Amino acid sequence: MANEEDDPVVQEIDVYLAKSLAEKLYLFQYPVRPASMTYDDIPHLSAKIKPKQQKVELEMAIDTLNPNYCRSKGEQIALNVDGACADETSTYSSKLMDKQTFCSSQTTTNTSRYAAALYRQGELHLTPLHGILQLRPSFSYLDKADAKHREREAANEAGDSSQDEAEEDVKQITVRFSRPESEQARQRRVQSYEFLQKKHAEEPWVHLHYYGLRDSRSEHERQYLLCQGSSGVENTELIKSPSEYLMMLMPPSQEEEKEKPVAPSNVLSMAQLRTLPLADQIKILMKNVKVMPFANLMSLLGPSVDSVAVLRGIQKVAMLVQGNWVVKSDILYPKDSSSPHSGVPAEVLCRGRDFVMWKFTQSRWVVRKEVAAVTKLCAEDVKDFLEHMAVVRINKGWEFLLPYDGEFIRKHPDVVQRQHMLWTSIQAKLEKVYNLVKETMPKKLDGQSGPTGLVSGDQRVQVAKTKAQQNHAFLERELQRRKEQIRASAVLPGVRIKEEPMSEEEEDEQEGEEEEEPMDTSPSGGLNNRLANGLPAGRAVGGDSFNGHPPPGCANTPVARELRAFVEATFQRQFVLTLSELKRLFNLHLASLPPGHTLFSGISDRMLQDTVLAAGCKQILVPFPPQTAASPDEQKVFALWESGDMSDQHRQVLLEIFSKNYRVRRNMIQSRLTQECGEDLSKQEVDKVLKDCCVSHGGMWYLKGTVQS
């Protein structure tokens, strides 16, 4: 109140809002000049504007008679720009730099808070601004001078030698046909800086007439800055109640929606993904990952999602291959699209990719040459198909990316049967299109006779037995060789056995043996007989462990290095993790990786735990209560023992406390830290340690991931 008495109101001014020029009024900001000189005193030779870009160019005369003007410099600039000969296209027709161009740029894109004010007869009239432009000198004439200089140099180098030649030399011309532009390439081109500059340059200039400050037309237009209606019809925005006016001055706090950056097509934001409907979430995940086990998909969607709804949605966008889900071809190649490599339409690409998927339902191995020979597609398209769902193995071919998921097959026989019927229909279409031999048709039910030319079930079993006997010796030698290799690497960890590459004939023979093996007709499925613990026999032997640890030399493999890097980075961010939470984070990490990455080769729980222990972490044996509902993976707790910071000792004391107690009170933790560290720790230091490793629930502290609600 005292401040108000010291600052009394001396005058009240009526405010009017004029709208006659609301969509037309621009504010031009010129470069600073001496106060004695105004820009209105300078003759404006021309003016032009690009309305869409709100870009203005003004051409102003230069006072060449001013004593501060350097005439020799002006003549030199004109000579450099136009050359010795002056014509109607010359920039400076007087052979003297007698004018200057000013080009505008926007100072702000939001001008709603700015207005032009005109005070007259005790009234303040406001007109909203449509744009604010800053005018700066343009030096485009220097570009013209450089171009003239380059032309003169080129003419001097060429000389008159070309005039003496009777005819020009014959030159070879290479004709190239551009590939059809894909949708992604077109979007990148449209968003490029070069394309935007070209679009801006294509907008035509609109020439304007400039009227000075004292011109009668300017005086007439200036009257529109005054509110025309004295009745206040135009000022309804200013007629507000005190509460409404206060609301306009201080609106309720709301987070301004910021423009979100456009992410690349292969990058997913899980926060944005979970705002979409479930069907769209499944489609986006499968389109980006290409191949995924059902368990991984459920972990990505979250624990609250109904598995029945997910099963219903996954069958609309993916097909079941070896117990894993592979995205459908028409999702990757929609209608009216084409191949970026060969321009082949989407229908042909979908048919070729379906053939590759069907081949993987018959065997874990596929040969690219065979696929190309059957589908008649180019090598690049076939390679794209295989990279979506397989990984190349030297001297063997392409192996399916993920191990056989027998658990899903056992849990969902109805889904497996439905997918089998779909594959039977797809197989019939492929045989009709590609004229395939019908030896791999599924076995008919008992009592049904197959069409002429098909192999019966008994014959197929007999052929399979004969083939197995023929391959028995080869498989025995291969198994013995792998065992000797593992034994040698165990004795000499630093020595690796060099494998001689197979010749092309041996490679074709081995690939033929792998692919011509008839389909197993046993009820449990043929793939299980060729797999060991969900992995191919060769890989299962190569992955044997010694006393629970990986074989010597495995730490130097690309898979081990990638896994070690993920584990170290994860524990640097979160010092304590249960095995369940670590597996969930690993699945999220896999979802962000491109198809064909080395980590998709299959990571077991044992390999993940061994990598955690090798990365400097320790397992904390938390004494869970007998009635706990925690799963075995949730009861395995790992913690980073040493991170290299000042809090390592404090964290180690805290972890030792929880190795003997499931939950602890804060005062006990603080007293134990003070006793072990031999110093009086501050509240901030204790809070930091607790924040790194623990969570609070019901007044008690638990290790992260161990609290049971």
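Heads up, the Cβ atoms here are built off N, Cα and C, so glycines get one too.
Where the annotation comes from TrEMBL, it is an automatic prediction and has not been curated.
If you look up TrEMBL, you'll see 146-155 marked as compositional bias 'Basic and acidic residues'. Annotation comment: TrEMBL describes 502-519 as compositional bias 'Acidic residues'. The annotation compositional bias 'Polar residues' is assigned in TrEMBL to 521-531. Positions annotated as domain 'DNA-directed RNA polymerase III subunit RPC5 C-terminal' by TrEMBL: 444-709. Residues or ranges marked as region 'Disordered' by TrEMBL: 146-171, 494-554.
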Intrachain residues whose Cβ lies under 8 Å of the compositional bias 'Basic and acidic residues' (146-155), provided they are six or more past its termini: 80-83
Confidence summary for the domain 'DNA-directed RNA polymerase III subunit RPC5 C-terminal' (444-709), mean pLDDT rounded: 69
Helix, strand and coil counts within the compositional bias 'Basic and acidic residues' (146-155) (DSSP): 10 helix, 0 strand, 0 coil
